[in-house]
There are 2 protein chains.
Amino acid sequence: MRWQKLPASPPAAPANIACIAKLRAITMTTTDLPWPSNTALRAHAKRHEQLQVSELLSADRGRPADFHCHAAGIDLDYSRQLLDVPAREALIALVAETDLASAREAMFEGASINHTEQRAVLHTLLRAQTPPSGLTTEFAEIQQCLQDQQAWVDAVNSGQHRGFEDQPMTDIVNIGIGGSDLGPRMVVQALTPYHQQLQVHFCANIDPADLDTTLSTLNPATTLFIICSKTFSTEETLQNAAAARRWLLAAAPDPSAVAQHFLAVSTNLDAVAEFGIPADNVLPLWNWVGGRYSLWSAVGWSIAFAIGNAGFKQLLAGAQAMDEHFRNTPAADNMPIIMSLLELWSVNYQGGSNQAVIPYDHHLGRLPAFLQQLSMESNGKRVTNDGTTVGYATAPVLWGEEGSNGQHSFHQLLHQGTLLCPVDFILPLTSHSDDKDRHRRLVAHCIAQGQALTQGRDLQASEDSLIQRGTPQDEAKVLAPHLVIPGNRSCSTLTCQQLTPHALGALIALYEHKTFCSGHLWQINAFDQWGVELGKELSANVSEAMQGGTSSGALDTAAQALLERWQQP
Amino acid sequence: MRWQKLPASPPAAPANIACIAKLRAITMTTTDLPWPSNTALRAHAKRHEQLQVSELLSADRGRPADFHCHAAGIDLDYSRQLLDVPAREALIALVAETDLASAREAMFEGASINHTEQRAVLHTLLRAQTPPSGLTTEFAEIQQCLQDQQAWVDAVNSGQHRGFEDQPMTDIVNIGIGGSDLGPRMVVQALTPYHQQLQVHFCANIDPADLDTTLSTLNPATTLFIICSKTFSTEETLQNAAAARRWLLAAAPDPSAVAQHFLAVSTNLDAVAEFGIPADNVLPLWNWVGGRYSLWSAVGWSIAFAIGNAGFKQLLAGAQAMDEHFRNTPAADNMPIIMSLLELWSVNYQGGSNQAVIPYDHHLGRLPAFLQQLSMESNGKRVTNDGTTVGYATAPVLWGEEGSNGQHSFHQLLHQGTLLCPVDFILPLTSHSDDKDRHRRLVAHCIAQGQALTQGRDLQASEDSLIQRGTPQDEAKVLAPHLVIPGNRSCSTLTCQQLTPHALGALIALYEHKTFCSGHLWQINAFDQWGVELGKELSANVSEAMQGGTSSGALDTAAQALLERWQQP
């Protein structure tokens, strides 16, 4: 091959893996997880270098039943994880060693576990069905908020609430970003089969293209906006809200239309009032609800508009069922705990740097983006609770796309790449569609991908496969190495009977609690997000410089160069 | 804090980084890249452990102009990469050492560089403006195909081509998966400001929810389907095509409507004819166009329907301009080569395991998913061209979401996580929207994120920041470590004046050629995808077992357990 002029054989060289490790130290120091079981886990990890998942499965036919949990309508199969029984025991020992049970109780009871912001973390209270002792005031406020939310949904759905031309609303536009967008957006899309008459849209990006595109098909007279911003000061949200108001008022006879067409979820009633939204149109938030855990609050208003009040209650009930499971189940059968231990096993003992989440459900297409925030914003941290720099890896990159689409894209790397990519497959077993045959094929693909990751294909099978399809023997010998799949790659499969509001609520709460457990095991605060401040501050400087301001001294030369490119005609 | 019962200080333990490295060896052996400059690059990498990008920038005010390339309307700023001039020189030396120039020529000239499938790789020919010598037949076929495509677009746009009720078409539905979906889907969304009257939709997933949702708002009498499948045997595509035909024929008076409402892109004319699509409705593909490089062929028909023939030509022209740049520019100024060398620098010398792509443009929301296929399917490989298992990491996980949304989500991990996440920011400098102010703010955010990644925030600045906002001194001392951002994290920024079809064509071709270069430097075949076969084969087994077939013996116990769960009522 003329184009290929490569040295015949690679020269001997020092192990590059060691070098990868050393260079990782740019962002990580090199001490271990501080738990007593760490030493045992290191030994187990070393031993696992010689283990094959396929052998674990064939040696123990009871493994799929053993490496399995059930909770709140969700089944977790983790029998394809490269993890044997003794290693699992050592992982589970971490739960007692770190006194996870006390931390969990502290969360449920409203202690200030978000200690860097001196806040409780009470998203579980938003779905509680009875008032826990000590939290009766908060519980009553939540119930009041839920009642007000329901009344609004009824008023809009029934056509009782009307717009400036006295027509009922047809479209809801949720304007929010981050936690005020990703959760409701994902849930509304996931529950498409439960949509009622209102069309619900989402706008997050400050790029004007986002709102422009959304509004281009809507009628101002029948569009209702929900502005979600705890402080009512989030730049993207406020800019989009102002643009939405301009759009409305370009069509409406007078500014009083704002009161008919805007709702808000916020604690800043003054700013909301100044915008033109009356107090009756506002639902509260509380500082004990973090943005990425807020879809259960009035931030989920858009969900209730889309699927109705009964559906929203089912969503809460599913999450509450998972809360009960998480709070009351021994570690060995506790689904969020097991998933968190699997995350530690991958990240801290197997060198895993990413986690793929692949839902085999078209409507769950935005689940990875939601989980990205939940996991990476919660646990993408580098200091422990006491402010010490961590000596170990914390949250991996979480990514994914809906299956089966990914099979025709990045699955090549899952099977034959050089990176460990543990996968969570998510699989509703029955479809809302009448086409049972296509859905059966989808399920078959999901099950098969798990087996392919485990089983792989060796050199002989690869050669046989080529010969079977007519490749001459000598060519098959040359080609076979390209077909080899090493296998032994870890994955889990989460199934539910059908993606109902209840099942989705349970699934989201599962990942919330998994995230909490990992934060606890890593000794980090999963509930703050100090890392996002600096970019906002610098953006104000850049913005000022763009407008001819004097703060351009704060820009480095690279920023200055981009600014000049932007200024060029 | 009652909830936190941690050991006072972590016990001493062996370096876990070394262990991470060892366990990575599950999928990687431990030799180095085989190129002569590897030794020098190792030394440079070691030296870079002590370097700070911010110091490189302040020491050399010319750095933003030096670490910069321009090509085909795109500017690449890579001055924020942790890379100094001598290390860059060592990287550039790889280009000669690996004779990348010959490999590049071999691709452009149509050599069988996809040697495991004995195919040429000629997506560049699809956008060539004059016939290269030796490829005049292929060039003529392409021109004919393009003419036929244009004629169809004209006929549908003008209303000359009509449906079974003699109405003009209003909606196009592209049915395809992988390369027959991700590219056209991304481009059509990216070029929203250029859309003409036809609404273009995409359906890929075999989950019936995908097609059901798409069709729920469409009128069979005015809907035109394009079935994209090279072999016309892709399971997902054929199943969806059959469902689309059933939907059409439920409304149409007789089966002849299929000829009015279905187009195909395929080489399998017999299967297409059997489906009911006449030969005049079919555009060809060639075995020298890989799926993930096919949007320039008739697979891009949907693009031409969306933005018109002139727009499609501009897309091709932009790609062609990047081809010219790639083919004729010395390595030091060659944008795809530089981006590929940066990828090697990250993956093989800095332990990078992922690459974030964050477009600051709402309409580019699907670019990461497209690039995921391009990069991970091309270079997610584990054997070299001669069939030897690689001793080094190949393609990283590519992921991302549109900015500024990510700032309220995963950017926390970019700034304060323990993982290296090099970022490509993509930034059109002007918007198609009239709202210049919101767009200016978007640009400011993008520029600021780059500076934040470089600059970080040290302990003193963190403490000062807290005191400034009124935190008492003793609290500020305790809290400050949580605000520290290490900085020194690499990113590049790609800008274009505006996201026109020409600019987008150039951008896509840039990543195509980058992918080619990385495959070459890693000595792997970037153009096959043998790793996706096994899952398909196993899926057929699972599917058979689901229907009571006898092949369930091929299922392992974990697959069997999931199958039984699916079978439960």
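The chain as shown is numbered from 1 upward.
Just so it is clear, glycine is given a Cβ too, placed from its N, Cα and C backbone atoms.
What TrEMBL says about this one:
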ACT_SITE  A:Glu377  active site, proton donor
ACT_SITE  A:His408  active site
ACT_SITE  A:Lys536  active site
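This view paints the features noted in TrEMBL onto the structure.
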residue: A:Glu377; record: active site, proton donor; Cβ contacts under 8 Å, 6 or more apart: A:Arg292, A:Gln529, A:Val532
residue: A:His408; record: active site; Cβ contacts under 8 Å, 6 or more apart: none
residue: A:Lys536; record: active site; Cβ contacts under 8 Å, 6 or more apart: A:Glu235
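In three-state terms derived from DSSP, the residue listed as 'active site, proton donor' belongs to a helical segment.
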